[in-house]
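**Student:** Quick one: the structure is below, questions incoming.
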């Protein structure tokens, strides 16, 4: 694969000879490479033919004569070259899994429909649940991945079809049967609930522009209808605008990489004709409500021309729906050649708004981190180091005398590593936290690199599930190794701990999602997970995730446990009465991690519940790293404060010190529900929202709590390993 990339960038080769890059070669590279012109300059530094690292040409016979056993330096050079090529792939190709589709003039373009959605109810419904025109060949489902099904997407074919670069007007679709009482009520209900119709052409959602107070607003999809006074109007005429970009070159040579060189195959037809091709780079829709005369559409068939002219004016409505009266649907399409290149066609959907707000969020987080880092530095340099230096400089008699006068964390030296209450649960939660945190970091990194673009529907959810299952090994390993550390190397019960780690978070998630799914089933929503998919998820859980967690547990049982630096007394030390409840501090500590997160949280919530596309994964990755640092610092400081007041029960408190951020996120979710979503419409929608929010904050609590616990464990181990005791 890499071999082909080299030839695409450098032009054709025959028998190891370098040919000058011709116009054809440049155009080939131009087609396969990204929009950045600087890539051409950068690719010269990574080409194998003239590598600065001295690596021979990959297609050169000298490579065959090379001994199989390379020196380590040669291997290093090869690795550097491979990394360089990987970066070139990142620049030169589009990772979202979509590729340019060339259409000739007159080629058929099929429009697809997705589920009807509403920010008012958050319950998606099938497009054909309303009395719309159906395709002649019947309704067919498109192939969907696991993520699309979990998100409630149901992509189906539609009767809308165009011919490339052929403008058409007044195309008749169909005339529905007279609306029954149930259909009439359902249509009114969907209009009241502000449902949107979502159309897709060549993987691009239909976009709608509206003007408000001098600004253009972008929307995906168009509303089913509108209510004016007491009358309901349906949008029954659609004016489509398809933006197309001419194929860069009709005579582009296909360059095939082979073992010895490259073969150039011309795409010009045998008769020498060159047919221009076009790529779809934009899909816009203007919905109109037009009054059709029922009698004039009686004898018309689908795709016939409507007998009377149709004037599409989006500012007026005319087609009022009434019981026992039919509705006629028509459309028109106009093709416009655009300067938008194919790689830039998603820019209209992903125009970044509020970049300054994202930077402000990061700056705000950095200030919190700096403040906490200062406190941690003071603890380490002034308090801990000073005490340890004074303690180590004394002779044995003075140390014995000082032990009697000690106060603070030094007094709990024989109790600090005493096993916590419910150690099995703690180990399972820490293991699950490592699994969730790892899944989040890896998924966001791949998304930031462009592998999980919004152009590929469902890949984000599918990727999260995949990484979560694979990281079951890490969950089992951490849970069992922590279990063995708590019990000083005793591996008895490691299988039970592995099962707890494999079933704790997935079990709670399964319970929440099953309950919510019954609500969706009762509402006949496409958001309900089909029974077959339920079976698939259970099989993934018990056939992949659980075995991998048990494998990780086995590795953790074989790994050496972490030895405690001090001995633990058999009789626990009494904790002196505190001036204030220690759990109050723990709950209050969550405000600092929440302060680093809440600005970015608004954009994430808007993406989840307001139908907006979230794509600034680079910002999210930075915020996540900052969140991890803040959680570690907060938990570390609180653990030290508890030890200073002779409270040696730090295990659970260190976990919830940073994990308590989940409480504030849940409260923020309730606030968002009341003030931004206007309490949705109906108890089912609000219950779904709160259920999904509960699932989300549980995952966040486990991930952030794990960060706090592991940092506190390292701090306590480091602190007491520096104390010399008999």
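Backbone N, Cα and C atoms are what each Cβ position is placed from, and that goes for glycine too.
Nobody curates TrEMBL annotations by hand; they come from automatic prediction.
From TrEMBL, for reference:
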TRANSMEM  76-94  transmembrane segment
TRANSMEM  359-381  transmembrane segment
TRANSMEM  425-452  transmembrane segment
TRANSMEM  458-480  transmembrane segment
TRANSMEM  501-521  transmembrane segment
TRANSMEM  533-557  transmembrane segment
TRANSMEM  583-609  transmembrane segment
TRANSMEM  615-638  transmembrane segment
TRANSMEM  650-674  transmembrane segment
TRANSMEM  694-720  transmembrane segment
**Student:** Other than its close neighbours in sequence, what residues sit by the transmembrane segment (425-452), given a CB gap under 8 Å and a spacing of at least six beyond its ends?
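**Tutor:** For the transmembrane segment (425-452), the nonlocal Cβ contacts are 90, 94-96, 459-460, 463-464, 467-468, 471-472, 474-480, 482-483, 486, 497, 500-501, 504-505, 549, 617-618, 620-621, 624, 628, 651-652, 655, 699, 702-707, 709-710.
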**Student:** Looking at 359-381, 501-521, 583-609, 650-674, which one has the highest count of Cβ pairs under 8 angstroms to the transmembrane segment (615-638)?
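**Tutor:** If we count Cβ pairs closer than 8 Å to the transmembrane segment (615-638), 359-381 scores highest.
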**Student:** Would you kindly check 501-521, 583-609, 650-674 and say which stretch has the most C-beta pairs under 8 angstroms to the transmembrane segment (359-381)?
**Tutor:** 583-609
**Student:** Are there residues at least 6 beyond the ends of the transmembrane segment (650-674) whose Cβ is under 8 Å from a Cβ of it, and what are they?
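**Tutor:** Distal contacts: 416, 420-421, 426, 429-430, 582-583, 585-591, 593-594, 597-598, 601-602, 605, 609, 630-632, 634-635, 638-639, 642-643, 680, 686, 689-690, 693-694, 696-698, 700-702, 704-709, 711-713, 716.
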**Student:** Should anything in the same chain at least six residues away from the transmembrane segment (501-521) have a Cβ under 8 Å from its Cβ atoms, list it; otherwise answer none.
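**Tutor:** For the transmembrane segment (501-521), the far contacts come to 123, 425, 427-429, 431-432, 435-436, 472, 475-476, 479, 527-529, 534, 541, 545-546, 549-550, 553, 684, 687-688, 691-692, 694-695, 698-699, 702.
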